[in-house]
């Protein structure tokens, strides 16, 4: 315990500084200060009753114990005053820190009387934080006697040790990811330290341990970063710290050369963005179906998470376009996305993973991975054709030996590296008849030598393979070339005696032969004609019938043959490859026959034409002489006039004529061949007829037949004028009743809705024209054709034809609007909303509108298409789309 006594001057002489500031203490004015006090106001003079003033200190309780002796025994109370001086060092003046005053009743517990009757002893405790090492405390005690304040008695005490009080109220606050705010106070604002010393230890809460686990710094009292307003409260922002790390700070004050004891506080910096994840790896595999894939991603926690990892966000993007096609988040360090149909085979993808803590998304790690190969799609542009150059045909087996050229292009969807092509050729109607097979081709196109049946369909199949297997096959059907057909079947022939006529003079029958047969068992192609020949068996040069233009089996041939003679009937079929082997049958002519008239002639005169019925009324004069071989007395002549091409159209018939020659009026078609038949009769019967053909006079023709008109493909189209430059194919057949030689055809084409618009008008001699005309699209045009003979122009025939369609003009009144109340997903930051798109059909549809193609895409990123439909039939659509908020989208129709 330190003690002190005597006057302040004495105390100062024993102190550590040569400068001492003594504060005068003013007491209350309730009392009158006197020098020496008299007792009880009796007027007898008394010395100051306070003596023996001493001070002692109890440093453990920050208490100064004041003791004195009172010799008067009549003191009413005491005033105890104290002043505190601090001594920093020998170079600095002292500073007054604390002034206090207390009035003590002499009867209080603070006054203790002694056993003597001459005096008592008083004590008083002064307690406070100002009781510090190195502090000089001066105390004065003033006695109050009879309401008079006596002069004070003084004593001083220097508390042992250096003045170095510790900081107080040390706290850590205001965390950021790189700084903490340290705050504290000092107990004596009047005496500020020279500086503060801070040391700290580092405890990193996540990631790798700190490279430097501790640190220290000294802050001068005049440091501009030290914040203080009253020299009592201090704060300091310590930067350059590590995120999400606990710091323990030790703070002490430096007063001159003295350092206070340490106070401690702890604080933790806030979280920061994470560093990249470690060990990122990814792989893509096929799911059970080759149409979908799985992406497996794994990684390790970042070496610098800078906080608590809340989740990991991952994306899978096309490496070429940098477009994210898969994204998600997980709390684990691995994830598998399955059944992904957005993954393309044999394609590079970039997988990115980023850690997410309370500060947000950290630095991304990425890796590139290639999706596996799958079986390729079908090959493109498959074509096949037989090359007949150098081909050989075996008529016995019906087989061609020839080359088959097969060409194709690589699959549009290769899905990997094409390793081979498998090519198979088989009969379309007999899958077991494989004529070519090769699965080792490494490049498109092959010429295969094959043996095939003539005029038979074969299927060519081509499939590509990758390391993942064989893809779907493409097929094309090709028809083998035609060949000469085999012999016809079931050939038969017979004379028809019921209509036979015999010329007894020449021993010749005029008789029909019915010839029948069936198509060849092996036609080897499309039968284009049958060649039928009838000739005398013993004289091959005596051909009585020959026709190589028949297109169907069976014919009845009118022939002139001697009686009772053998004839051979030969029939051979033909295809585009040539005529096949003939089939033959022999027949024998009947046994009788009659003769012909001579010099048969006929002529028309004075025609009259009725255009309504398209017939002529005319006189015909027929002349002849009697037969060279009448074979008896001619009794009658049978004269018949009939249309040559239509024997049933008989315009005159008289079997009672006795003499040759006749003039008669007949009704005939204009410019038509008529046959005049004259036969003589005797009592033995009618002889062979003699015929002559003549042509009736011309007349104006009837309408043309089979009038057709068709527009070809557009040569060009001008959207501004809306005019097609197009070929118009017009064809027709000559009139059913040409009524003469057709000299020309007048062809006129007009717009149906406005006949004054003539787009073509010409006189032509052919039965088809292909003019290039300018027409409006999707518009009806009338084509009229009229034929002319030397007798004049006939009635026109017309047909209506529609011009080709053209691409329509723009749709009109296009508008689009998102519906209210979209659904927003804060995790993916996308909206799901209905969009209503309306429009009206184009001003110029230029045809029948079949579909509308509607596309919605992000304006700034056209590849981000959120809706596409090219199958809409009617205007207007409402659909749900997934879109980014507050983003411009373009609607295209």
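Cβ from N, Cα, C; glycine included.
Taken from TrEMBL as is:
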- 1-37: signal peptide (SIGNAL)
- 166-272: domain 'Fibronectin type-III' (DOMAIN)
- 276-377: domain 'Fibronectin type-III' (DOMAIN)
- 378-486: domain 'Fibronectin type-III' (DOMAIN)
- 468-489: region 'Disordered' (REGION)
- 468-478: compositional bias 'Polar residues' (COMPBIAS)
- 487-595: domain 'Fibronectin type-III' (DOMAIN)
- 607-699: domain 'Fibronectin type-III' (DOMAIN)
- 711-809: domain 'Fibronectin type-III' (DOMAIN)
- 822-893: domain 'Fibronectin type-III' (DOMAIN)
Within the same chain, the residues 6 or more beyond the ends of the compositional bias 'Polar residues' (468-478) and with Cβ under 8 Å of it are 286, 290, 345, 372-380, 382-386, 404, 408, 411, 415-416, 422, 428, 457-462
Given 487-595, 607-699, 711-809, 822-893, the one sharing the most C-beta pairs under 8 Å with the domain 'Fibronectin type-III' (276-377) is 822-893
Averaging pLDDT over all residues of the domain 'Fibronectin type-III' (607-699) gives 88
For the domain 'Fibronectin type-III' (607-699), the DSSP residue counts stand at 0 helix, 60 strand, 33 coil
